[in-house]
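Trainee: If you look up Swiss-Prot, you'll see 137-148, 207-217, 294-309 marked as compositional bias 'Low complexity'. The compositional bias 'Basic and acidic residues' annotation in Swiss-Prot covers 196-206, 219-257, 282-293, 310-319. Among the features that Swiss-Prot reports, compositional bias 'Polar residues' is placed at 320-332. What Swiss-Prot lists as region 'Q domain' is 1-141, and the listing cites similarity to another entry. Per Swiss-Prot, the feature region 'GP domain' maps to 142-209; the stated evidence is similarity to another entry. Sequence annotations record features per position, and here Swiss-Prot assigns repeat 'WD 1' to 483-521. The repeat 'WD 2' annotation in Swiss-Prot covers 529-568. Taken from Swiss-Prot, the feature repeat 'WD 3' applies to 573-612. According to Swiss-Prot, the repeat 'WD 6' annotation covers 697-736. Feature annotation from Swiss-Prot assigns repeat 'WD 7' to 738-771. Summarising the annotation, Swiss-Prot assigns motif 'Nuclear localization signal' to 235-238.
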Amino acid sequence: MYPQGRHPAPHQPGQPGFKFTVAESCDRIKDEFQFLQAQYHSLKVEYDKLANEKTEMQRHYVMYYEMSYGLNIEMHKQTEIAKRLNAILAQIMPFLSQEHQQQVAQAVERAKQVTMTELNAIIGVRGLPNLPLTQQQLQAQHLSHAAHGPPVQLPPHPSGLQPPGIPPVTGSGSGLLALGALGSQAHLPVKDEKNHHDLEHRERESSTNNSVSPSDSLRASEKHRGSSEYSLDPKKRRVEEKDNMSRYDSDGDKSDDLVVDVSNEDPATPRVSPSHSPPENGLDKARALKKDAPNSPASVASSGSTPSSKAKDHPHNDKSSTPGLKSNTPTPRNDAPTPGTSNTPGLRPHPGKPPGMEALTAPALRTPLSIAPPYGTPFMMGHHPEMNGSLTSPGVYPGLHISPQMSAAAAAAYGRTHMPGFDPHPHMRAPVLPASLTSIPGGKPAYSFHVSADGQMQPVPFPPDALIGPGIPRHARQINTLSHGEVVCAVTISNPTRHVYTGGKGCVKIWDISQPGSKSPVSQLDCLNRDNYIRSCKLLPDGRTLIVGGEASTLTIWDLASQTPRIKAELTSSAPACYALAISPDAKVCFSCCSDGNIAVWDLHNQTLVRQFQGHTDGASCIDISHDGTKLWTGGLDNTVRSWDLREGRQLQQHDFTSQIFSLGYCPTGEWLAVGMESSNVEVLHHTKPDKYQLHLHESCVLSLKFAYCGKWFVSTGKDNLLNAWRTPYGASIFQSKESSSVLSCDISADDKYIVTGSGDKKATVYEVIY
């Protein structure tokens, strides 16, 4: 135990000999401890240095990712501009004299011969003083690939005009370099990847009894964290993550009660069948999915037309008024793993792809139509639906926490306005591919399929007028946010368009959207109990009466014509909850979807229950009525959609599915019924023919659905935060918006000029539809 070279003290009588030995040993132990402490300090300094270097590398990674994305967009822009200018020259040249034609042709040919020396000189002139040489070299290399690439045919732009949003040729290069310089200067908060994925994994496990809304809003706030909040201290990060998790578990104000518990699914059952899940951007969904552990629940936030469920193992959440809902059906994933790292579980890079490919195949960067991009790129970018305006959106790069300052500046460099991620799809307004081509290299496979009576699926060849023509919107613009203060499970718009009604926990708020600056409701209608969610609210055609239903056995009828809104009557049923409401066109009858599966029919004049349609074996979740008032359509948690003859009071048809039905809408012009599934699909059925369309742009359950009053298009919203607008019936994607949380409800104004959505972010959003 002691060193051999120690000199023991001589033994003296009357004095114990071990005293000196113990003291010396203590000194040696102290010395060794101090040595180890110094060594530990040295290692800690080295560790901090490595952590700093790692963070710096991650910053560089995000910077180059931004650069590659910007370069790719710029390359496609310049290719398209050059092609159109070339076409204009070709049209003008015949008007010149023969001599001038030859001179112009030679000048055009000379202009096409761009050498590397000229490219380097151009980049050197345009480069900013603080732009690192490596970035200039990268740009030169990238541009040289574009300059010497093979010629590729592009679909012509209608009318040959330059689409809005493409900057002039002279300013494009400087805008691109500004982005590169910005990337080199910006301080990007990039979290430790391992901790980030661990946190997301714990998020999914902790979502058994919580709605997706808290996690969605927290992710959005994480994406907006400034660089000053990023800490290199692992201890501090662990404390922050612990705090974050406590926020998930303790946020009682979010939609804890809006969960459909499907945690009893069979782990051996495939999550998604291949025929229902086309690949995205060349990566098959089934490969990209992270396999959930057997005990990992799949929680589904519900909409105003979606059934409610209390988590059965949370006594404080249990309410006798709302039954727990169970599902034995296979359930798709609810949250895709965060792309961006090659070591993410379940994300395997394809052979030959450069690192970082997975980040570029993120759902937010998908191409909605099966149109080949101008040419396949090393990054498989192609055209992106979020390209126009959504560079400022925090959801563009999932898993990469890019500061909003940099995103906004990058958008400014490209001349885009600060608005949510809508896609006017100018490139889609061209003839599309034949049905035989299901996938194009560098583009997204088809998302709309025709399913024949025998079950054969074929991609849909869209007609030339799929996205153009009278009554077809080009995009939508967010014009107002209504801060309700609770999760908004129900929305409706008055006719004429002036007021918006938002239903949350225990109350409906009325907003006047005719005044743009209005930030507070004009009235509040307290309904049900304070802790019970409103699930549906419907206005009678005269706009003077509002009917409200939710997590209670009573429906409340409000008189809005009086000086202050008052309760005119209450309708009480035997079911503990109402999930959805419909009003007959003559305003005499109200239909309510009950949690026991029955459809209650109410006489509004006499305020009595006149009939019940019985058929659904589980909760009836959604409802719509035909324009002539003769037929009723209902969807349920028993995986069926049923139609009812209102004159004869009997069931007409039943459609069976493999997934719970969360939303549906019947086309005002007749023929078509759109159905939103728990499985993330939207299916468009014909009311008499057996064939149908299946649409695959949502990544999680489809929570609400509404047809435009013209019948030419409809919108759907989902737990994936998306608002999708589709062409009736074949489902060409008209535009898409990504919100910051699950979109639980939606409505369209009677003039088809406005859309309102209700969100898990405790707000409603008003969009103006642009034609």
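Glycine is no exception: its Cβ is also placed from the backbone N, Cα and C atoms.
Thinking about packing and proximity, how do these listed features fit into the structure?
Mentor: Averaged across the region 'GP domain' (142-209), the predicted model reaches a pLDDT of 42.
Here the repeat 'WD 1' (483-521) has long-range neighbours at 211, 213, 253-255, 258, 302-304, 527-539, 541, 543, 546, 548, 550, 558, 565, 744-751, 753-754, 756-760, 762-764, 766, meaning same-chain residues at least 6 beyond its ends whose C-beta is under 8 angstroms from one of its own.
Proximity of distant same-chain residues to the repeat 'WD 3' (573-612), defined by a Cβ-Cβ separation under 8 Å and at least 6 residues beyond the stretch ends, is recorded for 304-308, 320-323, 535-542, 545, 547, 549-555, 557, 618-625, 627-629, 632, 634, 636, 638, 644, 646, 649.
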Trainee: Please list the DSSP helix, strand and coil residue counts for the repeat 'WD 1' (483-521).
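Mentor: Helix, strand, coil within the repeat 'WD 1' (483-521): 0 helix, 16 strand, 23 coil.
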Trainee: When secondary structure is assigned with DSSP, how many helix, strand and coil residues does the repeat 'WD 7' (738-771) contain?
Mentor: 0 helix, 20 strand, 14 coil
Trainee: Could you break down the residues of the repeat 'WD 6' (697-736) into DSSP helix, strand and coil, giving a count for each?
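Mentor: With helix first, then strand, then coil, the repeat 'WD 6' (697-736) has 0 helix, 22 strand, 18 coil.
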